[in-house]
Amino acid sequence: MASFKKTNAKYFSKPQQKLTADNEYWNKLGDPVVLKEFAGIDHVSFSKVDPYYFAITSSAKVQVYNPITKLVYKTLSKFREAAYGGTFRKDGKLLVAGGEDPEIKLFDVSSKNLLRVFKGHKGPIHRCFFTCDNTHISSFSDDKVVALWDIPSESRVASFSNHTDYVRAGAVSPVSSDIIISGSYDKTVTVYDTRSPDPVMNVNHGSPVESVLCLQSGGIFVSGGGPDVCVWDMLGGGKLLHRFSCHHKTVTSLCLASGGKRLISGSLDHHAKIYELVNFTPVHTLDYPSPVLSIDVSMNDEYVVAGMINGLVSIRKRDSESTSSETDVMSSVSNIGKVPVKLPDMQVFSHSASSRDTKEARRSVEQALREFKYVKALHISLDNCNKNQARLLATLGELIRRKGLHRAVVGLEEKCIRKLVAFITKHIDVPQYFDVLSQTTYVVIDVLEEMIASGLSPSSSLVSGLHTLGRRVKAEQDSLRELLELQGALQMVFSAPQESNPTPLSPSKTQYEPSVGAARELCVNVS
């Protein structure tokens, strides 16, 4: 009888999704720091000036946090009932917030003074924003009214009552102080020009609108509500450009990131989706432990803060160091308890390190470093720098870390110093090597100054090499200057209008004094 042949089962690995540039960029966000408030987080707003304070509106207060320390910087608590929609002015000095009581309150952030109280609405005010001229405030209320207020006179200058349900979403144009956009639970988004008594545009989102924002060009606006995010062309008469349906629960918040090139939507499905706005494609997803009520990103994408329905605040900071694509060219040094110097993209040169001579040189360098023979280690690396640039760069970096580079250069013969100067001249324009080579250049110059001070004169060939290095650095500076000029010209032509760089937040006195009504305002917060 023939023997039984077992069935050969084939196992296939699960295909891995290829990481895109956006995935790699947003995956650099570190582990979240989580804060806990007593109530759900109504609104998150970042200041647009360094150090990028962010305001958390929850319960009957607005708390301003320092993103670096994660501690409360200021607490604004002059609210009788729940506060809503605390938002910074673009210079970071003032903050405006609505609330369950139908009043809009304007605060000086540094002193916590209540500067203005705007009265006139008959229902809770969930959102209010500064216009781009910094002297007006737009408000959106449950009384179905959209209003525009003048800060200096503390008076209402325009009012619109075109919605048939609560107005809980709004935005202002970044390029015109006259354009206001409102979103309502009547499923419509309306665009107003405050110079006209009637709305200039009305579009149907299809679901109660929870959030609205205007892109930096001023010609496109976005609405979020239900599971959808809609992109509308304002200049094209309200044409629907794209509808994202990436969430399976209500979209609650919208914000821009990456200088206005990316759109982020937060939702009750515990996710925040990131979209690319050229081809209208989702590029990344951020996950959260609870339904997201509000999300915002700092101007430089360094911090992402999300507020959740259970009072949690997630603060994620971009990692300052990226090690996923770096090669540790000093792994043997780390094995003896030393921190290796990591130089990005060193694998470009590592293919030449396969020869026997290079391996022997590597072992010799490692042995010299173990014995703290810095001159010998640098000498061996210089002898092999044409075969393995990565080894010399790693040795220089390790000597810098150990603060032994000066001692190593002092002990070199002049021909080795000439070789080192020639290497620096050749590779000083490589961005990945600039940090190490620039520090090495300073050390070489210091050593030569000490040599001259002691009565020794460098040879003409060494002086000539230094002149060549100086000309190379000057040429690199000129190239960078021209590139920056070209970049500025291209930004003016192609980029959407950007907000001017605001004045940093300072404790100095603002241009507004508390009004009579604000001075009389007395609140006792017992929460």
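Each position is counted from 1, following the chain as shown.
Note: Cβ is positioned from N, Cα and C throughout, glycine not excepted.
Under the heading repeat 'WD', TrEMBL lists 118-159 (among others). For the repeat 'WD' (118-159), residue counts in helix, strand and coil come to 0 helix, 24 strand, 18 coil, using DSSP.
Annotation source TrEMBL lists repeat 'WD' at 160-202 (among others). Only residues 6 or more beyond the boundaries of the repeat 'WD' (160-202), in the same chain, are considered here, and those with a CB under 8 A from a CB of the stretch are 123, 126-133, 135-136, 138-142, 144-148, 208-214, 216-218, 221, 223-225, 232, 234, 237-238, 497, 499.
Within the same chain, residues 20, 22-23, 25-26, 44, 207, 210-213, 215-216, 222, 224-231, 291-297, 301, 304, 306, 309, 496, 498 sit at least 6 positions outside the repeat 'WD' (244-285) and bring their C-beta atoms closer than 8 Å to a C-beta of that stretch. Per TrEMBL, the feature repeat 'WD' maps to 244-285 (among others).
As annotated by TrEMBL, domain 'U3 small nucleolar RNA-associated protein 15 C-terminal' applies to 356-492. Per-residue confidence over the domain 'U3 small nucleolar RNA-associated protein 15 C-terminal' (356-492) averages 81 (mean pLDDT, predicted model).
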Residues of the domain 'U3 small nucleolar RNA-associated protein 15 C-terminal' (356-492) by DSSP state, where helix covers H, G and I:
114 helix, 0 strand, 23 coil
